[in-house]
Each structure stands twice: as structure tokens, then as C-alpha cells.
Amino acid sequence: MLDIKKIRADFDGIAAKLATRGVEKEKLEKLHDLDIKRRELIVKSEALKAERNSVSDEISQVKRAKGDASTQIAAMQKVSAEIKAIDAELAEIEENLNEIIIMLPNLPHESTPIGADEDDNVEVRRVGQTPTFNFEPKAHWDLGEDLGILDWERGGKVTGSRFLFYKGAGARLERALYNFMLDEHGKEGYTEMITPYMVNQESMFGTGQYPKFKEDTFELKDDRGFVLIPTAEVPLTNYYRGEILDGSELPIKFTAMSPSFRSEAGSAGRDTRGLIRLHQFHKVEMVKFAKPDQSYDELEKMTANAENILQKLGLAYRVVALSTGDMGFSAAKTYDLEVWIPAQNTYREISSCSNCEDFQARRAQIRYRDEDGKVQLLHTLNGSGLAVGRTVAAILENYQNEDGSITVPEILRPYMGGLEVIK
């Protein structure tokens with residue numbers, strides 16, 4: 001959530017930055033007008049309350065003198081009625097103001113590329129060689145079905161579209177991957193967590209999913225309103241919601257593997273086959289809590305942690321800086337890692353690493369006490385390390401052999417009981 005004081009102090013500058021994120025200036029102008037009206041009413045209300053206190057003192061003095069205080073009582077009743085009316089108007093204005101501000105995305109960092117959509121993203125680097133085949137490479141869904149390790153037909157029967165069963169070596173490969181990822185992040189100082197897979201709506205608000213992206217989630221239809229997590233970012237970030245941390249302990253780094261549940265409301269017709277876009281998938285998440293002056297160094301380190309997984313798996317990838325028009329709601333800067341998918345002859349997103357600066361911390365009230373004892377908002381960061389199903393897809397396609405078998409990457413063989421080939 002943005003700081004209303006910052007908007008007030010630099011309205012035109014903030015409006016220009018938000019315009020690069022698709023926010024119309026009219027919305028900011030409405031917010032600006034409401035803020036002015038709100039401050040005017042606060043001044044008026046405080047003046048009337050001071051007047052009411054003064055009249056109350058007069059009434060007490062008159063009554064002590066056994067005099068007639070009816071005039072003062074009538075005056076106080078009139079002032080009280082005015083205060084009540086102003087406070088009611090103030091409450092309505094604050095509600096309207098809040099409705100606007102909670103829907104505004106984060107301000108982009110100065111290094112974030114300005115652009116309308118993914119076409120304006122900027123490639124930062126490419127790492128690794130894309131494989132060459134002396135045969136036509138198959139898509140991972142065909143490989144998985146032919147090997148009997150991925151079953152979409154029965155997943156669809158049991159649940160519906162965009163669900164599947166992992167079976168045998170497929171299930172073991174999935175498990176091997178997330179155990180490997182967690183072990184690697186543990187070596188980098190991340191504390192491993194097992195989180196709740198359902199959260200309350202305050203938690204969804206804290207990380208910025210609610211209210212703007214409510215349609216993208218699965219929510220329990222009872223009076224509790226719990227939500228199946230779309231990413232472990234939500235419970236991990238909200239772990240410290242409403243708390244003040246010791247600045248000397250920052251940065252704090254968490255990692256967790258969890259299922260992620262997404263309705264994919266706006267994805268009809270996109271990636272209808274395979275592991276790229278599912279309603280339920282496993283993902284290893286990284287979350288950091290950092291001091292503001294250290295957060296961009298921590299973003300580079302987090303991105304390197306995600307890259308480390310791809311490098312050790314021997315997968316070719318590229319790093320892309322997302323444009324203002326393609327970046328997530330809560331992010332100030334985002335790097336996407338895109339892995340090479342041979343059957344599609346392109347790179348596909350497998351990780352997204354973001355610095356949210358104090359945007360989530362303000363929504364969730366996560367603060368720290370610095371060395372001078374001052375309490376201030378910290379910065380939050382999150383990143384995939386990695387999306388497990390998409391990593392399975394990348395391994396199946398990049399390590400396929402002409403006979404349809406899959407060579408297991410060497411780094412994963414200890415996690416798969418020494419298995420060298422899936423056939």
C-alpha cells in the first residue's frame with residue numbers, strides 16, 4: 001500500500017509513475033480531492049471539539065454558581081450535533097479514500113523498464129547452451145504420458161481440467177526436485193518452514209492479493225472465509241504481520257515448499273496442456289525481510305539463489321527485467337527467470353523474484369527497530385526457487401532421448417535412489 005503522505009507531497013511525480021502501471025490520473029485526482037476534504041474536516045472537527053470542551057467548562061462554572069446554564073447547554077448540544085455530522089462525513093470520506101488507495105499498485109523502482117506489457121521487458125542475460133537434438137523433441141506432456149509418469153486423463157476424471165496425477169518416477173522426480181531446492185536454499189542461510197496451506201483474508205490483504213485479485217483464488221464458502229494459498233509468499237510474509245522486529249537480525253530469510261492453488265480466471269485457452277499452468281502445483285518459495293538500504297542487494301542475491309538451482313540442473317535460461325506494465329501488483333522491481341522449453345522453442349517463466357520495498361510491510365504492518373531505537377517499515381522480497389512442476393517440464397524436455405526415455409540430471413540422482421534414466 002502506498003503512503004498517502006508521499007502522494008500528497010509529490011502528486012504529479014507519483015501520478016506519472018503510476019501512469020506507467022496503467023493507473024489513470026483521474027483516480028489519483030479523486031484521491032487527492034478526498035484527502036484535502038478529509039484534512040479540512042479533521043481541522044473543523046477538532047476546532048468544534050475544543051469549543052465543546054470550552055462550553056462544558058462554562059456549564060460547570062455556571063452550575064457551581066447555582067446559575068442558569070440552559071443557554072450553554074443548548075450551545076453544547078448544537079456543537080455536539082455538528083461534530084456528529086462531521087465525523088459521519090469524515091468516516092465516509094476515509095472509507096472512499098481507503099477503497100482507492102488499497103487498489104493502487106506499488107511504485108516502480110527507477111531501474112524498472114517502463115513499458116505497457118511483456119513486450120517491453122528487458123533481457124538482462126542468458127546462461128547456458130540450449131540443447132540440440134538429432135530428432136524432433138517431444139512436448140513434456142507427451143513424454144510423461146508415454147512413460148506412464150504423468151496422468152492428465154485421470155486427473156481430469158477425479159477433479160477436472162488443469163489437474164493431474166504424478167506417478168512412479170514422475171512423483172519421485174517432483175519430490176527429488178523440491179527436496180534438492182530446499183537443501184540448496186538451506187545452504188544459503190534460508191530457514192526452512194512448513195506453512196499453513198490456508199490463510200485468512202487479512203493475510204491475503206497483507207501481501208496484496210486481496211481485494212484486487214480475489215477472483216484468482218479459491219476461497220472457502222463459510223463464515224471463516226479461509227483461502228487456499230496461491231503461493232507460500234502469503235503465509236511466509238504474514239508470519240511477522242503486526243510485529244516489530246529487531247533490526248540487528250535483518251535480513252531474515254525463509255524458504256518453504258507448498259502446494260499453490262490458483263483459479264487461473266484470466267487464462268482460458270492458454271497453456272491448456274502440460275505442467276505450465278495448473279490449478280494446483282508445488283512451488284518452493286523464498287521470502288526475505290530486509291532493511292530498506294539493503295533490499296536491492298538482497299534482490300540480486302535472491303535472484304542468484306534461484307539461478308543456482310537452474311545452473312546445477314544444467315538448464316539453459318535467461319533473466320528478464322519486467323516492465324512497469326507487466327510487473328506484479330506489489331512489486332517495485334522484478335526479475336523473471338525463464339527456462340528453455342525445446343518443444344515450444346522458447347523460454348518460459350520458471351521463477352519471479354521481486355522487491356516489494358515497504359508496500360507489503362505497510363499493508364501488513366511489519367516494522368523493525370533500528371540502531372537508534374526508531375521504529376520504521378522494513379522491505380519485503382519474494383521469489384520462486386523454483387516452480388516445481390515447470391522444472392519437471394523443463395527436465396523432461398531438455399533431457400529427453402530419442403527413444404523417449406529421460407536422462408536424470410546428475411545432481412538429482414542421489415535424491416532418486418541412484419536412478420540414471422527414466423524409461
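Each Cβ is built from the backbone N, Cα and C atoms, and glycine gets one as well.
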Identity of the L-serine-site residue among GLU184, GLU285, GLU338 (reference: THR231, ALA232, GLU233, SER384, source: Swiss-Prot): GLU285
Euclidean distance between Cα atoms of SER384 (L-serine binding site) and SER351 (ATP binding site), Å: 5
Cβ atoms near SER384 (L-serine binding site) (within 10 Å, other residues, all chains): 27
Chain-internal residues near GLU285 (L-serine binding site), provided their CB is under 8 angstroms and they sit 6+ positions away: THR231, ALA232, GLU233, LEU236, THR255, ALA256, MET257, SER258, ASN382, GLY383, SER384, GLY385
In three-state DSSP terms, the structure that ALA232 (L-serine binding site) belongs to: coil
Binding-site residues listed as THR231, SER263, SER351, SER352, least Cβ neighbours within 10 Å: SER263
Among GLU264, GLU349, ILE350, which are binding-site residues, the residue with the most C-beta atoms within 10 angstroms of its C-beta: ILE350
